[in-house]
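Following: one structure in structure tokens, then a few remarks.
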Amino acid sequence: MRFDAADAHWRETPRPGASSAQKDWLTRGGSLTAHLARLGRVTVRVTRETVAAPWADEHRALSCASRAPVWVREVVLAVDGAPFVAAHSIAPLAASKGVWQAMRRLRTRPLAELLYSDPEVTRSALVSRRVLAGHPLFSLASLALARAYATEHAFAARRSVFERRGTPLMVTECMLPALWRHLDAHGERRARGLEQT
């Protein structure tokens, strides 16, 4: 793996003030969608798919120029209707028409369908950070909440780079307050009354 999402802010070890649940979910390997599915029914809402420039803290992880065009896919992963994760995925524009072209056709299917079903795909280490106002991920998470939590001052997020045939695709996942509330109330179980659905 020649790509790495780590930098001065994104680190492999979660920040010291993170809760045990945050440390677990920020470092948990495998498909985040599959982990969420154990908590309830997962739905994917696509909020944006477009060509854009990478964020300031993204281009180095992809080994591309700071203004090189990338394909962006942003979604909200909801569990039983509550937004649990805001996700932002990017790939070099050329790759989104080549090696990673399937990401353009996912619609409301999770990206995990591509990433965990192909033996050619490898993954970098997971890195995480606390996201504050001013970072574009903070705005993305705030929009996902539809102003339901206007007082939220920070979010916990993680990211990693997937590689296929030498070409990167980076996934950044921002955990939303409803996830932590569910884990506080129910642990890794489905909410009461939803076990049979």
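Just so it is clear, glycine is given a Cβ too, placed from its N, Cα and C backbone atoms.
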Candidates R60, R67, R73, the one Swiss-Prot lists with L111, E173 as binding substrate: R73
Span of the substrate site, taken as the largest CA to CA distance across R73, L111, E173 (Å, rounded to a whole number): 12
Neighbouring C-beta atoms (10 Å sphere around the C-beta of R73 (substrate binding site)): 21
Check: same-chain CB within 8 A of substrate site center, minus R73, L111, E173: E74, V75, A87, H88, S89, P110, V171, T172
L111 (substrate binding site): secondary structure state under DSSP, collapsed to three categories: coil
Protein Cβ atoms within 10 Å of E173 (substrate binding site), excluding its own: 24
